[in-house]
Ligand code: HEC
């Protein structure tokens, strides 16, 4: 019973302290679905750096255009790679078989990843910031929130190269405590954070496109309720004037 309670408490606390499955702390991404420019940048970054391996098969280019306020021409010019059509879903050029042959694992479809992972966009954000060099891995990269991931750090030229810093405990066990930037990338750490945030926001939107409408409908509902409250209050004042 006490054990059960303990686990219930742990479960309740896990999201609060941001525990990922691997035990690494997640960083707060600060994504904002109301920030259309951020979503547009995220879409562009995704098409440039991620779509070569990952598909978003539950999302069509046309829907992307409508939701992000881009014309068909802009989508075709800036987002579509290869000869995909505007009405088609976002598919990657490589097959699952190629992915397995090249990386030991097929790159999964990312349509729902920002909802599937505990922590959602914070997981994606921490993942994109969590790559470090590890010569024991086949591609030379490892990741703090996804230990043993078979994805290379595709944004290393932007972020630079991070090395792990270990702390040895009383039992002689080494624990990774933080990452250290040993070779700066093209971007400053703050600029790279924004890149990671924009991609995370974009994947958050893709995982639930209706959230955009819900947020904008929400504003009108609140405005309506505020107006209605005012009307009801004026009406009450009017009625009570006769009573007094
Ligand atoms: C060179 C191919 C390649 C590119 C480019 C690439 N990835 Fe990956 N990605 C992979 C592979 C392979 C995996 C599977 C890793 C595993 O399961 O070990 C993966 C896994 C992931 C996962 C975890 C998915 C899951 O369900 O566990 C996320 C999130 C992800 N990638 C995001 C991205 C983002 C964002 C970009 C662009 C910045 C990107 N990837 C670019 C190959 C790639």
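Every residue gets a Cβ built from N, Cα and C, even glycine.
Per TrEMBL, signal peptide is recorded for 1-20.
The feature domain 'Cytochrome c' is assigned by TrEMBL to 37-210.
Taken from TrEMBL, the feature heme c binding site covers 50, 53, 54. Counted within 10 Å of its Cβ, the other Cβ atoms near residue 53 (heme c binding site) come to 20, all protein chains included. Residue 53 (heme c binding site) carries neither a helix nor a strand DSSP state and counts as coil.
Summarising the annotation, TrEMBL assigns transmembrane segment to 217-235. Cβ atoms under 8 Å from those of the transmembrane segment (217-235) belong to no residue of the same chain, restricted to positions at least 6 beyond its ends.
Long-range C-beta contacts of residue 54 (heme c binding site), restricted to its own chain and to partners at least six residues apart, with a cutoff below 8 Å, comprise 92, 107, 108, 109, 110.
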